[in-house]
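**Student:** Before we start, here is the structure in question, set down as structure tokens.
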Amino acid sequence: MSFSMTRELYTAKYGPTVGDAVRLGDTDLFIEIEKDYTSYGDEVIFGGGKVIRDGMGQDPLISRAEGAMDLVITNAVILDYSGIYKADIGIKDGKIAAIGKSGNPRIMKNVDIIIGASTEIIAGEGLIVTAGGIDTHIHFISPQQVDVALTSGVTTLIGGGTGPAEGTKATTCTPGEWNIHRMLESVEGLPINVGLLGKGSTSSDVALTEQIRAGVIGLKIHEDFGAMRSVIDHSLKIADEYDVQVAIHTDTLNEFGFVEDTIDSINGRVIHTFHTEGAGGGHAPDIIKMGAFSNVLPASTNPTKPYTINTIDEHMDMLMVCHHLRRNVPEDVAFADSRIRKETIAAEDILHDMGIFSIMSSDSQAMGRIGEVITRTWQTADKMKKQRGKLQGDSGVGDNNRAKRYISKYTINPAIAHGINTYVGSVEVGKYADLVLWQPQFFGAKPNMIIKCGMVANSIMGDANASIPTPQPITYRPMYASYGLALQRSSITFVSKIAFELGVHKKLGLEKTVLPVFGIRNLTKQDMKHNCETPEITVDPQTYDVRVNGELITCEPAAELPLAQRYFLF
């Protein structure tokens, strides 16, 4: 005998299903459920009088060794580059083992995920699950950045530095073997995944090679240490040899050549361009043209995203501090002025919406906010919907194509760019369970829970002396994956393949999971999910107007944004 219930009641019990749309925070963006794998009538939920009990939704006889999961997230809405759908997520040994229908196969059909006595449950009803964010532009200036990143939904940091040294505050490099090894040891105590970038600003093949062999996953070229043609060529040559990425912040002053010279020096080899618009640094005024090339993986940093009425004014102060400039030196002021252009900043929003710019990152404490990568990504998506309308292929209520495009910018695409997409970057079977759970009304602003390798690392939590978990003050608090040996077992340090083969992690006594990066040097922009367009981009050298395939692209600055003061008092 079948039983029917209203859609409203079904959603209240089990979360939304096919035909329902979910609003993302207070934005104008909606996602529609494309498929539901949870099997109507056999849904599993936990609690008093609910389904997950022995002999009911829980298999009464199965052991962990026989296939019971370690953790199951029930009835979650998954928002991923690969789709927007509802499913249960089974996690075992810290990895996503299955996505589909969970329960007890002895009494239920089509069970993909077996719940047993070994299984913990997280109730995902009404929640959105995404992959943990990946920020590829980290200045490791202060370890306190990690708490801010985690509580924003970012679980992987890629960048360079050694602390609040002038080199680190400007250039995102961990230079030389000694510094690299000390930083690899230091991040052992941080409950987050880390990959380090070495200093690429040298023409010495030996100096570049020793850094890659020491454990960095890529090289960073920065104009403050020099972004000359020879530097670019040598870094890319050594990167090709060892299969690591090269990230570049090009020559703002055009002292050693123009953007065309940099493009010529790159010579078709894959490269990851930081803040490709240019306010964060790079050939003035036309570094943005590099977004057109198939070998360039272009990224933005978040201070310019989205373009608002305050963007231009804010940037001058940031730039003077971050690049060790002085307001009483005319040349320093001129340098700063050359980088801040409203025309290219406005165009950058549209380049993201068109899928031309592929990655969003922070530039943490160095002209960027580590805790706002995700927020500003969705603010940009919302602004573009309001100013440009729906993306092609989106119809009705849903904005699924736009949602997939923007979620890719801080999950799968940065993972691909740095050769870690086999391990993290999406909600897919076989990957480490770095997952973020969101209440829809807080999506993009404040996550509910952050899971690292299948264990809760951080979460909103009430007063620890209360009789239940929910009394005020509710704040983010580190959870058990942030303590003891569980910290090392729940986080990953990425190194170059050669460093892994040389056993650098063993020589240093690292306890974290250490994994090699690979598959980088044959990448093209076509590998960037939902963000692979390569049109012609031109910049007028007098007016700074940006054109895509001959068409002027610009937009008005936003005077008001979602995911802002409604969510953050301070």
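Each Cβ is built from the backbone N, Cα and C atoms, and glycine gets one as well.
Pulled from Swiss-Prot, these are the listed features:
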BINDING   His137, His139, Lys220, Asp363  Ni(2+) 1 binding site
MOD_RES   Lys220  N6-carboxylysine
BINDING   Lys220, His249, His275  Ni(2+) 2 binding site
BINDING   His222  substrate binding site
ACT_SITE  His323  active site, proton donor
**Student:** Among the binding-site residues listed here (His222, His249, His275), which has the Cα closest to the Cα of Asp363 (Ni(2+) 1 binding site)?
**Tutor:** His275
**Student:** Excluding His137, His139, Lys220, Asp363, please set out which residues of the same chain place their CB within 8 Å of the center of the CB atoms of the Ni(2+) 1 site, keeping sequence order.
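**Tutor:** Near the Ni(2+) 1 site, beyond His137, His139, Lys220, Asp363, sit Ile138, Gly159, Gly160, Thr171, Thr172, Ala247, His249, Phe274, Thr301, Ser361, Ser362, Ser364, Ala366, Gly368.
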**Student:** What subset of the binding-site residues His137, His139, Lys220 lies within 10 angstroms of His275 (Ni(2+) 2 binding site) at the C-alpha level?
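**Tutor:** Neighbours among binding-site residues, in sequence order: His137.
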**Student:** What are the non-local neighbours of Lys220 (Ni(2+) 1 binding site), defined as same-chain residues 6+ apart in sequence with CB under 8 A from its CB?
**Tutor:** Gly159, Gly160, Thr171, Thr172, Cys173, Leu197, Gly198, Lys199, Gly200, Ser201, Val246, Ala247, Ile248, His249
**Student:** Measuring Cα to Cα, how many angstrom lie between His137 (Ni(2+) 1 binding site) and the residue listed as 'substrate binding site'?
**Tutor:** 12
**Student:** Setting Lys220, His249, His275 aside, what same-chain residues sit with their Cβ within 8 Å of the center of the Cβ atoms that define the Ni(2+) 2 site, listed in sequence order?
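**Tutor:** Checked against the 8 Å cutoff, the neighbours are His137, Thr171, Thr172, Ile221, His222, Ala247, Ile248, Thr250, Thr273, Phe274, Gly280, Gly281, Gly282.
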**Student:** Which chain-mates of the residue listed as 'substrate binding site' that are at least 6 residues away have a CB under 8 A from its CB, listed by sequence?
**Tutor:** Ala170, Thr171, Thr172, Cys173, Gly200, Ser201, Ile248, His249, Gly281
**Student:** Given the binding-site residues His137, His275, which one has the fewest other C-beta atoms within 10 angstroms of its C-beta?
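**Tutor:** Least crowded of the binding-site residues His137, His275, by Cβ count within 10 Å, is His275.
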